[in-house]
């Protein structure tokens, strides 16, 4: 029996007005994401990667089409229902860490959960467990300005996973880091999501960030185009994908 896709995009389009004309960023995309897989969304700056993640999460609504997450038609819901669903079921990791400077590492992770009604004690237990997993158990009382960029992103990843979301969206999560630090942070993100069986959709402009993905799709001309490997063999790892010439 085939598994039901966790995310289904159906005829999804998004346009915006630029002067007297309308620009089409996403063009009637239909695509399924499977439970527990890591999909790398590869595209140049301005190709619409962030917009697509915003539509999946319900931050924005499409011009046409639908997004369904585990049977929940998020595009058809009210703003309040979309917000509550996002809070409970989706974890988001951004390029910029967005940590609150006046809160400690532990408090940055626990605050969203406390605002959602989780007890302070329970939120702290979860946060400490995540900090242990990302190698920052000794930094829970540290403030963000005392952390390196890689450490701040580890905290942001922990915050995104603290509520045990079914879906994790990562928008250029290593884009503000140097190459070595970015690789280590990506390893942390992949380890945590795979251990927990989460679906991870990561937007990136860097082909090197796609090598561990289960699937790679290129966002070009408003469309999602599945990548193929150089030998045209489906059993090859994602690191052998054939990239559009604009990325090579």
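Keep in mind that glycine also has a Cβ here, set from the backbone N, Cα and C atoms.
In Swiss-Prot this protein carries:
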- 7-246: domain 'ABC transporter' (DOMAIN)
- 43, 44, 45, 46, 47, 48, 49, 50: ATP binding site (BINDING)
Show which residues of the chain containing residue 45 (ATP binding site), separated from it by at least 6 in sequence, have their CB under 8 Å from its CB.
205
Give me the non-local Cβ neighbours of residue 50 (ATP binding site): same chain, 6+ apart in sequence, Cβ-Cβ under 8 Å, ordered along the sequence.
171, 172, 203
Using a 10 Å radius around each Cβ and counting other Cβ atoms from all shown chains, which of the binding-site residues 43, 46, 48 yields the largest count?
48
Please give me the CB contact count at 10 A for residue 49 (ATP binding site), counting all chains in the structure.
22
Would you count the other C-beta atoms found within 10 angstroms of the C-beta of residue 44 (ATP binding site) for me?
14
Could you list the residues of the same chain, at least six apart in sequence, whose Cβ is under 8 A from the Cβ of residue 47 (ATP binding site)?
219, 220
